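Quick look at what Swiss-Prot annotates:
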ACT_SITE  CYS126  active site, proton donor
BINDING   LYS22, ASN23  phosphoenolpyruvate binding site
BINDING   ARG102, ARG131, PRO132, VAL133, ASP134, LEU135, ASP316, ILE338  UDP-N-acetyl-alpha-D-glucosamine binding site
MOD_RES   CYS126  2-(S-cysteinyl)pyruvic acid O-phosphothioketal
Amino acid sequence: MDRIHITGGAPLHGEIPISGAKNAALPLMIASLLTGETVELANVPRLADIASLLRILGNHGVDHMVVGKRPGQTAETGQTIRLTASNVIDTTAPYELVSTMRASFWVIAPLLARFGEARVSMPGGCAIGTRPVDLLLMAMERLGATIEIDGGYVVARTRNGLRGAEIVFPKVTVGGTHVALMAASLAQGTTVIDNAAREPEVVDLAECLSKMGARIEGAGTPRIVVEGVSRLGGARHEVLPDRIETGTYAMAVAMTGGDVILRDTRADLLHSALDVLATTGTEVTALPNGIRVRRNGAGVAAVDVTTDPFPGFPTDLQAQFMALMTKARGQSRIRETIFENRFMHVQELARLGARIRLEGDLAVVDGVERLRGAPVMATDLRASVSLVIAGLAAEGETIINRVYHLDRGFEALEAKLSRCGAQIRRERV
């Protein structure tokens, strides 16, 4: 199992290219099941989760071809993938594949909408709370599906196709909104999705579905209206930049000091996080094709944050921000409102010398003058990268174990950081 070694203390200087968003690419790839024509996706990151989903889609009979990368991308970043679901042979998604990644459960929507049935194993993936699929199944039932649980599998069927309906989510759910959008695109009649997720990744999916022939209005607002169509066609779409990767590297610069341009990204994708970062004393400047992040002199100031659905502070940046606050001047209070059990990184940050106290969904962080390198263990995707950020600023060597979590969500992380001066290397074991 690979390990990452970091010798901290070096400020970051240079440019970091931002990859396409994994959280956008996954539903876009799944949406290829809605049509027998080819869907071409550009700027798809090279990640373990992408490879896992390609295996899952291949199990259904989807053909895929990697056709290249866009100009300016390095050998280890970015790819264009063509997906063709013209010969779907199986509407069952087995446990051994779905258990590797929760998002793969979303195949239930296009399989049900296009073929009238789907048998999908209950999901696996990150161990950060229960993440129940109840809201996703509720959306399917509202559209006329019958749902049964049989031996750990969700079996969804519809006799005469899905029918438009009003779907009111009791709480904001990104996965539920993705599933509802895909299913409603091929449902008969009008579907109204209320309390819809407003995340940029939802908008990206809606834009791709529209290119395929779907009729969608209101994506990016709490109310989305979908007029179902009888069939969808192929399309070409470029995956939007990864706002979580953008915020992660921005916080790394704030942690170490330095001056870095984050290229091929957009400030409007994460205004809340960038505003918080600016409040810490970090200089953040929007550029035509990216964001400049600079911090010189004194360390950052402590700032309180609460995670919220978009456009609020992203839960997927909570662990990274906590790492930054471990060396801040003063006390920071970080409240997690999206997922329970998302403070698993606290114990590992404490091994580096962080002072953090947990009170239910609240983490109270008292900044310390210095962190010291130590062996630590990655527990999930976002927690693992928070340890990287802390290690970049710790005295001595930090060794991060179980870094396969990083490979699920961060493309070429060591290469991007080392080009900016970080002393970071991977040990293959």
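Cβ from N, Cα, C; glycine included.
These figures come from a predicted structure and were not determined experimentally.
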Taking just the CA atoms, what is the gap between LEU135 (UDP-N-acetyl-alpha-D-glucosamine binding site) and LYS22 (phosphoenolpyruvate binding site) in Å?
22
What does DSSP say about VAL133 (UDP-N-acetyl-alpha-D-glucosamine binding site): helix, strand or coil?
coil
Local Cβ density at ASP316 (UDP-N-acetyl-alpha-D-glucosamine binding site) - other Cβ atoms counted within 10 Å:
22
If you draw a 10 Å sphere around the Cβ of ASP134 (UDP-N-acetyl-alpha-D-glucosamine binding site), how many other Cβ atoms fall inside it, taking every protein chain shown into account?
11
Looking at Cβ-Cβ distances, which residues of the chain lie under 8 angstroms from ASN23 (phosphoenolpyruvate binding site) while being 6 or more apart from it?
VAL174, GLU199, GLU201, ASP242, ILE244, ASP316
What is the nearest of the binding-site residues ARG102, VAL133, ASP134, ILE338 to LYS22 (phosphoenolpyruvate binding site), using the Cα of each?
ARG102
Indicate the candidate from LYS22, ARG102 with the smallest number of other Cβ atoms within 10 Å of its Cβ, considering only these binding-site residues.
ARG102
Proximal but sequence-remote residues of the same chain as VAL133 (UDP-N-acetyl-alpha-D-glucosamine binding site) (Cβ under 8 Å, at least 6 apart):
PHE105, MET122, PRO123, VAL154, GLY175
If you count the other Cβ atoms within 10 Å of each Cβ, which of the binding-site residues LEU135, ILE338 comes out on top?
ILE338
